[in-house]
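**Q** Before I ask anything, let me first share the structure, which is written out below as structure tokens.
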């Protein structure tokens with residue numbers, strides 16, 4: 001098949017073959033398989049989908065198809081042997097590795113035993129301390145990073161450092177055939193005494209001791225990661241034997257080899273052929289052979305250690321290519337850098353809508369970078385089961401992916417990273433200790449994000465309203481889910497509503513509403529309705545229109561529950577217009593006898609009694625109201641908004657009689673409305689029509705109050721009314 005591909009007069013096939021020749025250990029079959037995939041699935045070399053094969057080879061069916069496409073490939077070639085899809089050959093990836101096999105033990109080895117308690121601790125570290133085996137790579141890289149930082153400091157303070165020109169790097173080599181994992185740094189290295197102290201005693205951290213010596217030099221100590229002295233022993237989770245070669249930065253010190261199988265003893269001897277720094281060779285156990293695969297190691301580095309401040313090479317190729325932008329000054333980070341970083345951490349392909357680069361040292365040391373995606377969230381994104389989008393780092397090493405404790409759940413749409421040296425970790429550096437520092441970190445970041453969104457709303461209101469349309473649901477969720485009133489009011493600053501005092505489609509905030517409020521005003525009024533037109537036509541708006549009071553309109557079905565949960569803002573009561581009407585109707589109103597178009601008080605009392613008898617258990621009380629002008633009647637219920645919610649969630653399967661008993665509604669009639677006046681006149685002369693009209697205006701009032709979930713129940717009566725209306729025509 002390889003000869004077949006090589007004979008084709010097609011530029012695309014030659015490019016694929018050329019790639020296979022340039023790449024070390026790249027099998028020719030891979031070229032043929034790639035070429036087959038292109039032709040078999042898309043008939044075009046522009047798209048290269050990935051398909052699985054058996055053991056990396058083509059099946060007989062694939063070989064047959066490959067032969068069929070050979071003639072088509074040749075036919076598509078131009079006279080000069082090229083095609084319209086030809087692309088320049090890619091450059092080979094730069095290869096750089098310091099890992100060699102020159103290290104050898106020299107002389108007799110000393111065999112020593114771990115102390116009894118150390119053996120027990122070693123067993124705990126190797127078997128149960130860490131939740132995932134892969135974290136041993138994070139731990140070893142962190143140790144290497146610390147060794148490099150120590151050398152960096154020594155080079156500034158001590159003139160005689162061996163091999164000063166050797167760059168500070170971390171190299172990892174994996175050998176799938178030998179089932180080994182090797183990691184090597186060019187750091188400070190260890191002499192025999194240091195190897196015995198740091199490798200022979202668990203929970204003794206060389207980095208921690210170094211930090212104690214550098215208490216007054218935060219610029220150096222802040223780059224060190226190690227704290228507990230147990231990270232190295234995580235290698236015994238995956239290794240049946242571990243070899244350590246180390247050459248101290250002091251050229252006068254000989255190199256040494258330390259080896260152990262983790263069962264309680266270790267050997268140490270002099271060594272030769274060792275470069276400055278430390279090299280660790282892990283001979284993998286049978287259940288850990290995956291850690292001898294290059295792709296697996298690269299994925300783990302990307303997950304945990306991508307932002308370590310030194311280059312990391314895997315089998316000679318650089319693995320950490322993305323900068324830790326949160327450690328840079330905000331002014332030094334370009335928009336393109338933010339875009340690339342956002343795509344890296346979020347696995348997205350769009351641009352960030354908003355970017356917040358936040359750095360502070362008080363009350364906590366925090367380096368954070370937050371992004372709001374450009375895309376509109378889907379229902380799946382809005383699910384409360386959706387994990388957080390923020391990853392937690394400590395000194396640029398990933399501690400917790402998608403951490404749910406750094407930001408509240410309602411901010412899960414925010415993507416980004418948080419790095420803090422003050423984060424209290426447990427021994428495995430995987431879980432956060434339950435500490436007031438975590439709560440403080442959470443509060444600081446949440447407050448900063450809220451302030452950031454407020455700043456955006458003032459600088460660019462139009463852009464913020466677009467953002468609010470897409471992400472406002474999360475803010476509403478935050479108000480409902482936060483237990484503390486102060487936190488709810490902070491989130492409420494971000495809410496936006498249409499107002500009766502503003503044109504349609506314009507939004508206002510609570511703060512703006514309060515600024516327009518008359519002196520001494522104590523209430524913020526709102527009205528829930530499906531649309532602005534229905535809100536403005538609502539009978540409950542009539543009373544407040546007379547008083548010229550501003551009302552906020554809530555169009556989303558969950559807005560009402562949000563405002564009921566909020567209840568107060570800036571010491572102002574948040575009240576529904578419907579509840580205000582109920583409060584004003586506590587005292588029975590009297591008919592205005594000076595109104596010639598109104599029925600008398602006597603007729604009103606008589607009509608009220610008749611309506612109560614006609615409607616039966618559907619109404620608790622009938623009374624007169626003077627708050628209405630263009631509406632014949634309204635229904636008032638204590639805490640109407642809450643009752644609507646209760647009706648939808650708890651009473652939806654109950655009978656009408658049970659619903660009315662819970663609602664306990666009051667019917668308030670407008671004595672001057674033409675329908676009420678006419679109804680009073682026909683209730684004796686045409687009782688059948690009067691009954692239909694009475695029931696209809698009552699149901700109309702219930703619909704206006706949002707208390708009838710299915711209006712189809714009134715269709716039959718409407719048809720009867722229409723028939724009565726057309727009898728004389």
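For all residues, glycine too, the Cβ spot is worked out from N, Cα and C.
The ATP binding site feature in TrEMBL is assigned to 139, 143, 185, 190, 198, 204-206, 227-232, 278, 429.
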**Q** If you draw a 10 Å sphere around the Cβ of residue 278 (ATP binding site), how many other Cβ atoms fall inside it, taking every protein chain shown into account?
**A** 28
**Q** Across all the protein chains here, work out how many other Cβ atoms are within 10 Å of the Cβ of residue 198 (ATP binding site).
**A** 22
**Q** Which residue, of the binding-site residues 139, 185, has its CB surrounded by the fewest other CB atoms within 10 A?
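**A** 139, out of the binding-site residues 139, 185, has the fewest neighbouring Cβ atoms within 10 Å.
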**Q** How many other Cβ atoms are found within 10 Å of the Cβ atom of residue 231 (ATP binding site), counting all protein chains shown?
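**A** A 10 Å sphere around the Cβ of residue 231 (ATP binding site) contains 26 other Cβ atoms.
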